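**Student:** One structure coming up, written as structure tokens, with questions to follow.
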Amino acid sequence: MSFSIVKEIAVCKGKLYKLTHESSTVKGNMNLNLYVPSKTSSTKIPTIYYLSGLTCSPDNCTEKGFVQFQADKYGFAVVYPDTSPRNVTWPKDVNIDTSNWALGEGAGFYLNSDKFENFKMFDYICKELPVSLNESEFGKTIDFIEKKSIMGHSMGGMGALNFYLKGKLNEISPYVSCSAFAPVANPTDCPWGVDAFELYFEKGIKAGEAIDPTLIIGSEAFKGKSLDILITTGDSDPFFKNQLRTENFIKAVEENNVQNVTINIEKGFDHSYFFVSTFVPQHCEFHAQKLGLI
């Protein structure tokens, strides 16, 4: 599969590529951003995939997260996928409230819908996109498949946790490490997740249980396991209590005796990219250590 370079932008010490390609998984054109650092290596450099939150595009973290500075410092590439398919034609019998920014376009929840053929973001990001990038010209110097970690914000934090845990269960190619900013940690127990699962799945919340990070990490499969997860959430986040459900995730980790899961609740921080960008250096250092870059 070929990628078209829409724009090449000099930023920090490297290059940002705005890319577009046809996806067979979501059956449409998809946009993404790719940052390639200046730091060279005799071997392929690793990749960090960044999953954005509700209403976002590939540009949000690209423009406001400042991950590029850390990519230059440590020597990793950054892939910023989109949050959903675009220009979707909904079935006539589906009533989508276009004013609800937590559903539909920009709110794909990184799942595989069994109701709508376009909404297969799990397979797109975990399977199609890494392989396609690895087979492209960029794959000559970047490892998009083996040496990879993942991080995300809000809905994207949920996706990052889910993808990482699914990798540990050998359901997909594994990620080396995972971090999340203010993740929707228990989506079957919050309005955003419940509404999304009712829309995207025939069996609603019941089907959503299979991709709920709190339920997965609290399962027998992870009892006493050692993982590599870092989570940061602000205690002034307006979504902290009714949407993120961080306390439920903490409880599941503690009760299941899961090791090496660090959860930091930072005083005074909200849900914005002011919060995200503040802790990006800490998260990138965490990933750089796990990827063997420092």
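For all residues, glycine too, the Cβ spot is worked out from N, Cα and C.
The following feature annotations were taken from TrEMBL:
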type	residues	note
ACT_SITE	Ser154	active site, charge relay system
ACT_SITE	Asp237	active site, charge relay system
ACT_SITE	His271	active site, charge relay system
**Student:** So if I measure Cβ to Cβ from Asp237 (active site, charge relay system) and keep only same-chain residues at least 6 apart in sequence, which ones fall under 8 Å?
**Tutor:** Ala182, Leu244, Phe269, Asp270, His271, Phe275
**Student:** Taking the Cβ of His271 (active site, charge relay system) as the centre, count every other Cβ atom within 10 Å, in any protein chain shown.
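**Tutor:** Total other Cβ atoms inside 10 Å, all chains included: 21.
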**Student:** Taking only same-chain residues 6+ apart in sequence, whose CB is under 8 Å from that of Ser154 (active site, charge relay system), what do you get?
**Tutor:** Ser52, Gly53, Leu54, Phe181, Ala182, Pro183, Val184, Phe239, His271
